Every structure is written in C-alpha cells, then in structure tokens.
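First the structure, in the form of structure tokens, and then the observations on it.
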Amino acid sequence: MDTRPIGFLDSGVGGLTVVCELIRQLPHEKIVYIGDSARAPYGPRPKKQIKEYTWELVNFLLTQNVKMIVFACNTATAVAWEEVKAALDIPVLGVVLPGASAAIKSTTKGQVGVIGTPMTVASDIYRKKIQLLAPSVQVRSLACPKFVPIVESNEMCSSIAKKIVYDSLAPLVGKIDTLVLGCTHYPLLRPIIQNVMGPSVKLIDSGAECVRDISVLLNYFDINGNYHQKAVEHRFFTTANSEIFQEIASIWLKQKINVEHVTL
C-alpha cells in the first residue's frame, strides 16, 4: 500500500478531464494537480519554453511527494515526456499512446482524425504512434489553437464557441470515422464537437484512456492506495486566478473543491 498522491500536470484546466475519470475509476487514490493557466496555452510556444515550463510543474509536484506523475497535457507529452520519464525514478505517464491505441481499436474504416494544439500537431506524435501500431490507418491531423482559450475563459457554452468549433472542424467533416481529442481541454467542448462531426464519428478522449494505464502501473509497481479509504483529500493548484479555475473544476468534477494559487 502506498498512500502518497498521484501528481497531475497540465497547461491549465484541461487535465481535469483526466482527473474526473481517475476519481470515477480509482476513488481511493489521492491527487495533487497543478494547472499552469497563467501561461496557457502551451501549444503556440517554442519547444524550449514548453520544456522549461513543464520541468517547473514536475519539480513542483516532486515537492508534494507524489508516487507517480501524469502528463495530463498532450503538448507537454509531445515535447517533454520522454526526457522527464528518463530522468525520474518514479513512473511518468503521458496521454498520447493510450489515445492512439484507443483510436486504432475504434476505427472501422481506417480513417482517423486528430485535433490538438499547434505544437502537438506539428510534432506528428499521434500519426507516428498510430501508424507504428497500425500502418494501414490513415491519419488526418488538424491544429485547433482557438479551443484552449475558450475553455480557459469558461466560455464552453457560448455562441462564439459553437462558431469557432464549427469553422475549425470543417476540414474533417465527412472524412473520418474516429476523432482523437488530442488535447485534454477538448473534452470540455465535447458536446459541440460531437454535434459538428455527427453521431457516427467516435470521439476518443486521450486523457480518459490514460486512466487505464495508470491503474496498470499502480499494480505493476505495487503502489496502489488504500482501497478501504473512503474520504480522500485532493489538492488543486493553479498559477492563475483560483476563482475561475475553481468554477470550471467544480462543474467538471461535480463537486466543490478548494483551489490554491501558486507562483512557480
């Protein structure tokens, strides 16, 4: 038994979509979450800067005595995950491979779309992972840089959000049967995305898929939390306005949470 928390990092609130699924599947595990909303989005930034910011988040989580770190951010996974994983002596998990694997299982026509930040799409990481496992699958990647600001400003239900999503996804409509939400912010726009793509297109939440791998690693390294513990205390940190973060988090997690501000 290991009652230390699992650490989650993201460029903002998007990683909460992963946390929500973890709380549902593994309610006995403690969580420490850090969202760098003050510097979001990461997608348009240079690789060097993304690595620097990611290491700051990692080092913060290490001060919280975490037993595992989850990159709940596709951009950070694409740019810095391998480097961090090699440097630490605790498990470090990214969201890309679980999402890629789920897309392969889902597609029936071998036509997969991937949407993400400019950096994630430019890295071509999803196409590489998907075609490494299933060379015959065709992958269409599309950067959607306007999606993260919509979520970070809590405007997911606005009319402008609907227009931006509709306009952004137009190049993929009718051309794919599976769409990977290659940014953990994007599931917060899921109803609009599904409406634009149509009911026949399967949406893959890479963050939610990641939780299955978390469970596997907890078992493999024998670091599961206390299954009998009913009341688990989580801690949430943000580098930006804690009130906005708390509002979004409370809606998504369906529970009131306390959010602490931190300066990195």
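In case you wondered, yes, glycine gets a Cβ from its N, Cα and C as well.
Residues or ranges marked as active site, proton donor/acceptor in Swiss-Prot (evidence: sequence analysis): Cys73 (among others). Contacts of Cys73 (active site, proton donor/acceptor) defined by a Cβ separation under 8 A and a same-chain sequence distance of 6+ are given as Leu9, Asp10, Ser11, Gly14, Gly15, Tyr42, Thr54, Val95, Cys183, Thr184, in order along the sequence.
Marked as active site, proton donor/acceptor by Swiss-Prot: Cys183 (among others). Using a 10 Å radius centred on the Cβ of Cys183 (active site, proton donor/acceptor) and all shown protein chains, the other Cβ atoms total 33.
Sequence annotations record features per position, and here Swiss-Prot assigns substrate binding site to Asp10, Ser11, Tyr42, Gly43, Asn74, Thr75, Thr184, His185. Just so you know, the Cβ of Thr75 (substrate binding site) picks up 34 other Cβ atoms within 10 Å once every protein chain is counted.
Ranked by how many other Cβ atoms sit within 10 Å of their Cβ, the binding-site residues Ser11, Asn74 place Ser11 at the bottom.
Annotated substrate site Asp10, Ser11, Tyr42, Gly43, Asn74, Thr75, Thr184, His185; additional same-chain residues within 8 Å of its Cβ mean position, judged by their own Cβ, are Gly12, Gly14, Gly15, Ala40, Pro41, Cys73, Ala76, Thr117, Thr120, Val148, Cys183. With respect to Cβ neighbours within 10 Å, the binding-site residues Asp10, Tyr42, His185 differ, and Tyr42 shows the lowest count. For the recorded site, Thr75 (substrate binding site), the DSSP three-state label reads helix.
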